[in-house]
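Colleague: Structure below; questions to follow.
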Amino acid sequence: MRIGDAKTSYIADEQILDTPVRRAWFTALLVLIAAFPLIGNDYTIYLACLVAINVISATGLNILTGFTGQISLGQAAFMGLGGYTVAVLASRWGVPFIFTLPLAGLASAAFGVLVGLPSLRVKGLYLAIATLAASVILHFVFAHWDPVTGGIGGISIPPASLFGYVLDRDRDMYWLIMALAVLACMGARNLFRTRVGRAFIAIRDRDISAEVLGIDLLRWKLYAFALSSFYAGVAGGLFAYFFRVVTPESFPLTMSIFFLAAIIVGGMGTIMGGILGAIFMTLVPEALRFITSAVTPFYPQAPVVLSPMREVVFGLLIVLFLIFEPHGLAEMWRRLRRFFHLWPFRT
Amino acid sequence: MDWLFFGEVSLAGLATGGLYALIALGFVIIYKATRVINFAVGEMMMISAYLFLTFAGLLDWPWYVSLPLAVIGGSLLGGVIERVAIRPMLGENPISVVMVTIGIASVLIGLAEMLWTADPQLLPDFLPGEPLFIGEMYVAPKSAWAFIIAACVIAIYLLYFRFSRGGVALRATASDQAAAYSMGIAVPKVFSAAWIAGAFAAAISGILVAASGGLSPQMGVVGLSILVIVILGGLDSILGALIGGLFVGWFETIAGTYLGGEYRQLATFSLLALILIARPYGLFGTREIERL
């Protein structure tokens, strides 16, 4: 049993997996993730892929909003840009899968820098509205630049293929998406042990003090925008390969709000928060759908009444979490862990 | 260019702009007093319009009974939202408070769909329908009346804030909360009052908008145009809200008529992007000055 922490060096304190127990659990988790397709059915694998894509995007948004303090209402548009980049490259020019995904990330990152440019002059909500404006303009381009984006009809995408192996089923995509999701989370977790990540946190906590400490605000804010949109672009690219089609409606404004809600419910400014939030927010609507279909035989009106219920539950979750658990699911997770660390003492 | 047509379109645009100005005014009052950006403004409009529909359409009460009841209902809704969801968030960071209002918006949409179904509906006619002409230009009677009502309500608001005790309290709270508190102003009451006043403006304009454009749970999207207006005019400027409202209403309609309906939002948001680059705090907003 382990009670409390006794670390004697900074490096030990900064370690991500600092105890044997933690390492063991983490390995178990990785094994479970890797072995999941062997036990899951098609539906649960589909859900797992969706969750993983959302985890990547939510983690990206968390870097920007949770860690750097720049609110963005444009995450879905950045994902859309990634999705469309993949679609155009893969279906028009036959660029192989290995290149399209990084290129999607880079295209989004470039656009993210462009959107981030006003971030030195405008702050807080003005910036949020600026990102909103950027995403409205981007959506317009998706819907109306017919020669490239195919207009309302969108573009359909050939299946991804890796080393000559065609990934055309959810089951095949699963390992790829999961591997990228794990990589994305580990990357982000590591980032905040480096000077880059520390600079982001400093900017969030007090931008003027950060500037006094020698952090070039514009530069680092733009890095945060670039990084966060890179994540979004990769997630959008995976989204495109997963559904094999992109249309302007694939990435609506409500999706940006969905990601913001996910990091709030999960916990802003913690990697765990992005992960838990994305899982939770993706699965809650599914659970409600499940309840609806379970109730329908006894109460035929159920779909009519319960489908708006999803919207109510979505809103209520955000409001209740913000009022009663502002640090989100990640805080509950920490409390749980602390309980086991300190047991039998009171936490 | 057909100047007569241009004039008619401009007038229609200005009429929309008058409504926008009224909603933006309610928005700015809430922001000035409480520093809360209310993303649920469009949904509050929608609920009030549905209340009117219920009283006037389904229960068949005359409009002069239904209208005040719906407006009172909408205002109360604002007060309740402030009390239940915004008050506990005092002192939290602005992102969280904005997200609370977004959450409320989602709840209101869901409730509206449950209570009144998702199908679009029409409000019963209550505005006079004789065609109006200014010179040779035809003005749609509904939008003209809507403009006149909006203008009257705005005038009442402005007079109230200039001359009444409540208005002074609100302005005092807006300029310095702590000082207002220490001078004996009940700041929490001002917060409630500001939300009720904002919801009142939203209720009236919601009913007027629905009267000419029909009503569905998705009506709250208008709220996006309102955000553009208040950012354009400066979040905390009443003058900015009025000018911005008229201008954006006109600009949207002109863009929609000459370029096509899908350009409406694009035009306003492009304008917004330009304004944000040139004048980050809007045309009339207070510039936040940071010193060490």
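Glycine is treated like the rest: Cβ placed from N, Cα and C.
Note: TrEMBL annotation is automatic and uncurated.
Quantities reported herein were computed from a predicted structural model and do not represent experimental measurements.
Straight from TrEMBL, here's the annotation block:
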TRANSMEM  A:21-39  transmembrane segment
TRANSMEM  A:45-64  transmembrane segment
TRANSMEM  A:71-91  transmembrane segment
TRANSMEM  A:97-117  transmembrane segment
TRANSMEM  A:124-142  transmembrane segment
TRANSMEM  A:148-167  transmembrane segment
TRANSMEM  A:174-192  transmembrane segment
TRANSMEM  A:222-243  transmembrane segment
TRANSMEM  A:255-280  transmembrane segment
TRANSMEM  A:312-330  transmembrane segment
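I would like each feature placed in context: is it buried or exposed, what are its neighbours, and how far apart are things?
Modeller: Beyond the transmembrane segment (A:21-39), the same-chain residues lying 6 or more positions past its ends with a Cβ under 8 Å from any Cβ of the stretch are 2, 45, 48, 171, 174-175, 178, 182.
Sequence-remote contacts of a segment are chain residues at least 6 beyond its ends whose Cβ falls under 8 Å from one of its Cβ atoms, and for the transmembrane segment (A:45-64) they are 36-37, 70, 72, 75, 78-79, 170-171, 173-174, 177-178, 180-181, 184-185, 188, 191, 200, 224-225, 227-232, 234-236, 238-239, 242, 259-260, 262-263, 266, 268-271, 273-275, 277-279, 281-283, 286.
Taking Cβ pairs closer than 8 Å, the transmembrane segment (A:124-142) reaches residues 70-74, 76-77, 80-81, 84, 111, 114-115, 118, 149, 248, 251, 253, 256 in its own chain, all 6 or more past its ends.
Nonlocal intrachain contacts for the transmembrane segment (A:148-167), taken as residues 6+ away from its ends with a CB within less than 8 angstroms of a stretch CB, comprise 84, 86-88, 90-91, 96-98, 141-142, 173, 176, 240-241, 244-248, 250.
If you look at the transmembrane segment (A:222-243), the same-chain residues 6 or more away from its ends with a CB under 8 A from one of its CBs are 49-50, 53-54, 56-57, 59-61, 63-65, 67-68, 70, 72, 75, 78-87, 97, 100-102, 104-113, 115-117, 119, 157, 159-160, 167, 170, 173, 176-177, 180, 184, 188, 191, 196, 200, 203, 250-251.
With a threshold of 8 Å between CB atoms, the same-chain residues lying at least 6 positions outside the transmembrane segment (A:255-280) that come near it are 51, 54-55, 57-59, 61-62, 65-67, 71-77, 79, 135, 185, 188-189, 192, 201, 204, 314, 317-318, 321-322, 327-331, 333.
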